[in-house]
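J.: When I checked TrEMBL for this same protein, it listed these features:
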- B:7-20, B:Gly101, B:Asn161, B:Arg186: ATP binding site (BINDING)
2 protein chains.
Amino acid sequence: MKSCGIIVEYNPFHNGHQYHAKMAQELSQADVVIAVMSGNFLQRGEPAIIDKWTRAKEALSHGADLVVELPFAYAVQSADYFARGGIKLLHALECDSLCFGTDDRSEMDYQRFGAFVKDHQTEIDQQYQTIKNNGMSYPQQMTEVFRKIYPENGLNFSTPNHILGLSYAKENAHYDKPMVLYPLKREQAGYHDLKIHSRFASATAIRQAVFANELSGIRQVLPEQVSKDLEQAAIVSWENYWPLLKYKLISSSIEELQEIYQMKEGIEYRLKEAAKDADSFSVFIEKAKTKRYTWTRLQRLATYLLINVSQQEIEASWRHSHLHVLGFTEKGQQYLKEKKKTVSLPLITKVSKTLNDRLSLDIRSDQIYRLGNTAISEQNFGRSPIRLP
Amino acid sequence: MKSCGIIVEYNPFHNGHQYHAKMAQELSQADVVIAVMSGNFLQRGEPAIIDKWTRAKEALSHGADLVVELPFAYAVQSADYFARGGIKLLHALECDSLCFGTDDRSEMDYQRFGAFVKDHQTEIDQQYQTIKNNGMSYPQQMTEVFRKIYPENGLNFSTPNHILGLSYAKENAHYDKPMVLYPLKREQAGYHDLKIHSRFASATAIRQAVFANELSGIRQVLPEQVSKDLEQAAIVSWENYWPLLKYKLISSSIEELQEIYQMKEGIEYRLKEAAKDADSFSVFIEKAKTKRYTWTRLQRLATYLLINVSQQEIEASWRHSHLHVLGFTEKGQQYLKEKKKTVSLPLITKVSKTLNDRLSLDIRSDQIYRLGNTAISEQNFGRSPIRLP
């Protein structure tokens, strides 16, 4: 069976995502669409608005045939590591192609770009060394590096989806049998676009409407099932976890904070100070924000803190990757049967206590996720993959 | 000026406490009554129902002339360490006598008992060694030890206030100039008595009524001001901190839990497991309780956990004791003036940032105490002692 992968978050699932899954199948002519999806904590350092099982179910009813969880150690990361995890899991599943959205307006050849980076890594690193202290942001610096050594394409690293596309291409090129890449241009609704368009809207706009309790205005951009889930399922935002994060910052010593992954350069002092009088997560981040520490970077740090995760734990999780299957359609199940003897990472369809060590970070992050809303059910033990006809 | 000390918690302040302060003055004929009072966390491992400043103010209006805070490292402890701290602070303040409540019905001579223990410590330790593994509780074992080596008095270590009295006597005897001891028999309302008597009731019964929102039934056992405070001030119970404690237990590794003061013998596994499905503090303790780990012992452990306190930190706090003055009457202020050049511990009347290190444990415990109710105001920085005419 032929497969096409997509790397997703679905926070929440909307019509644009359904279009993406449908186009992945059409462009690749694959038999199954495999979604590697972030679990309960997301790339930008946020708790998912709805839990991973609900989002997996929505995905399976709207174009995906198999949903596999991207582990925490890859999911809550900047583009490069996020892409590394997604591509790794898809390769382990012997996926033939990858379809991803892009904000890029040019006709760039991602496959060729990936191969170029693979062959010129030393040159890129050298070029980066010459400008790394120029005060620009990392995306700006990368744009600069590639303008010099790869001028054929006017690369722009400043829109999130385009950066992800470039990261996918780079990662993919490192494998012996790279997947075929299908970039999909976003027709409407850019990443940060806050307006609700006719049938499409950005996930950001949708979340704002949900938290403002204005679901009626966004029904037309969501599948009916998702509207229902957003009304009935337990939803959370960072604010639900703010009391816990504040407690963590107040109760931990500076030395303990320094044990947290990515906590360096003295930001621990700044976070501890900002927590003292902040009575909401957004006030806290506004207080802590600097030019160097952007909202997203701080949110990721806040997530590492909330989950109490160390460098060693992230690295251990990278070493022990796995494929936690959240659900499948009949076709997806057939695909798994066909591949299960050759997949290159452990396939987990049921989390048992014996997996405690291998999955410790993921299990703990889900236990803490549940503290945000008492209505969130157990996320691992005793749960079988969702099976849709 | 002559002074009489009392060691108190006031959780909350009631008529029995007013009687105690009055009798302290009458029995000792002192000019000032000095109250050493637990701060925001108490001997039995609980958050105080009302914050330390409110309780200090109530004490000053009802018989105390000077209120000094018993540091966390002494306050949240079993009788021996609690007594050590209280006696240490009173001696530092050059107090002449000590008046304490007792449930004991005999006419025992506490002063003589203290001197006896001081002179026979080796014998007591040896006797204890022979029975320490007999399965009895520690109070029962102590009763047994003293029945053998000090039969003149039928000592009974099983009522909390009597145990405290014995501990005060033991500690006091170690000083060159011991204080004169005035035991005060409780006329009514034993420690654990749940009935509300005419004008007296136990603090336990009063707290139950407050949490059940039945203040009307207990007005006659409280000074008017306290009734008002219990209606208007921010009140808390362990349940307010349960989400934080649950988060702490879920997010910490076993190794991290083992760093907590008194966390040993594997109780960390039991607490982590009990936290998982408990949705309240009382359910949690009921689940974790064993014959060895009583409610009070578990509450103390829970407090150490909540405050994230290590053995080293407790010991550092013992080494750097201080006298944090919460308030005084005119007489109390006069007494301080008279003694301030000779007191043997640093006198703190205003907490400034320079005291951060010395007071770190106390400051942190107060910051965490404030997380239980947003209406609790800053507990240290910028606060001057309460001054009552």
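Note that Cβ sites are derived from N, Cα and C of the backbone, with glycine treated the same way.
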J.: In DSSP terms, helix, strand or coil for B:Tyr10 (ATP binding site)?
T.: coil
J.: Counting other Cβ atoms within 10 Å of each Cβ, which of the binding-site residues B:Tyr10, B:Phe13, B:Tyr19 scores lowest?
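T.: Per-residue Cβ counts within 10 Å for the binding-site residues B:Tyr10, B:Phe13, B:Tyr19 bottom out at B:Tyr19.
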J.: Using other CB atoms within 10 angstroms as the count, which residue among the binding-site residues B:Ile7, B:Gly16 scores least?
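T.: Least crowded of the binding-site residues B:Ile7, B:Gly16, by Cβ count within 10 Å, is B:Gly16.
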J.: What does DSSP assign B:Gly16 (ATP binding site), in three states?
T.: helix
